[in-house]
Amino acid sequence: MKLISCNANRPLSDAIADYLDMRLTRSEVKTFADQEIFVRIDENVRGEDVFVIQSTSYPANDNLMQLLIMMDALRRASARRITAVIPYFGYARQDRKTDGRTPISAKLVANLISTAGADRVLTVDLHAGQIQGFFDIPTDNLFGGPVMVDDIKERYGKEKIIVVSPDVGGVVRARSLAKRLDDADLAIVDKRRPEAGKSEVMNIIGDVRGARCIMLDDMCDSGGTLANAAAALKEHGASSVSAYVTHGVLSGSAVERIEKSVLDELVMTDTIQPSEHALKSKNIRVLPISPLLGEAIRRIANEESVSKLFDR
């Protein structure tokens, strides 16, 4: 087995290698003056089971091309099997047609990954679960929940908490976490616009008065949804509001928005390399995802069950 990393999140690749007590295969990924990407693998990979680690986060197109070109190089170098390890799968929010004459970009990206040479895909918390079906190759979609459950239990102990979905679409994800937290109570933030031209109203489904609320979402991009939901929960009497997300996209001024909000804490994993600004923020904390990914890679390499990782 060999591990190889592109440039999107090298610290995560190093941490996965440490978990597996391996070293990363030597390679070079560089960008020419005209912005073309060049890849070279500096070790023999013939007949090897290779895992390529690369999140397709910002800059999404550059990171996607790095992954595609790296897999093409591995295929031409006669690697026996290529697994694309994509902790954060970019373009996942473009999983369906939202209007006439619009693309389904997530499906296109899935096709590109397969065509470039991937034999299987390993990813974490796809924005929409059906994206697994976009691939015609085996695809393992890991759940970040266990990482969060351990942290929540450590920090809150026996305190009564309520798991909150920041929107109706995330209820299934929130319910799954609540079950892992000894069937914790569940609440939902329901955003509604009463009529055209009127501002959005936050309705809270569930009683959060005096409760410690744990919001769960797959990602935090602009931070607006979580900040607004936290304000609504506090207005309805929540004693504290923390948010747990798998992917800290944190676009634009998201860090400042989180810091200015009433959100007590944003906890995210490192599927995307956190910026220095995020790391220094007193409101943001990062959980390592490398043990989960490393164990999944070990199981795939040894032909063991990946789903048993979540049998608890």
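Note: Cβ is positioned from N, Cα and C throughout, glycine not excepted.
Taken from Swiss-Prot, the feature active site covers K191, and the record attributes it to sequence analysis. In the three-state DSSP scheme, K191 (active site) is classed as strand.
What Swiss-Prot records for D34, Q35, E36, R93, Q94 is ATP binding site, and it gives sequence analysis as the kind of evidence. DSSP gives D34 (ATP binding site) a coil state; it is part of no helix or strand. The Cβ of D34 (ATP binding site) lies under 8 Å from no Cβ of any same-chain residue at least six residues away in sequence.
The feature Mg(2+) 1 binding site is assigned by Swiss-Prot to H127, with sequence analysis given as support. With a 10 A radius on its CB, H127 (Mg(2+) 1 binding site) counts 20 other CB atoms from all the protein chains.
Listed in sequence order, the residues of the same chain lying 6 or more apart from D167 (Mg(2+) 2 binding site) and placing their CB within less than 8 Å of its CB are I188, V189, D190, K191, T225, A229. The Mg(2+) 2 binding site feature in Swiss-Prot is assigned to D167.
Among the features that Swiss-Prot reports, D-ribose 5-phosphate binding site is placed at R193, D217, D221, S222, G223, G224, T225. Secondary structure at G223 (D-ribose 5-phosphate binding site), as computed by DSSP, is coil. Cβ neighbour count for G223 (D-ribose 5-phosphate binding site): 27 (other Cβ atoms within 10 Å of its Cβ, all protein chains included).
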Revision key, fill the gap. As a whole number of Å, the Cα atom of D221 (D-ribose 5-phosphate binding site) is distant from the Cα atom of Q94 (ATP binding site) by 15
Review point. In Å, rounded, how far does the Cα of R93 (ATP binding site) sit from the Cα of G223 (D-ribose 5-phosphate binding site)?
Key: 16
**Study point:** Least Cβ-crowded entry, counting other Cβ within 10 Å, from the binding-site residues listed as Q35, Q94, S222, T225
**Key:** Q35
Review point. Taking just the CA atoms, what is the gap between G224 (D-ribose 5-phosphate binding site) and E36 (ATP binding site) in Å?
Key: 35
Review point. Out of E36, D217, G224, which of the binding-site residues is least crowded by other Cβ atoms within 10 Å?
Key: E36
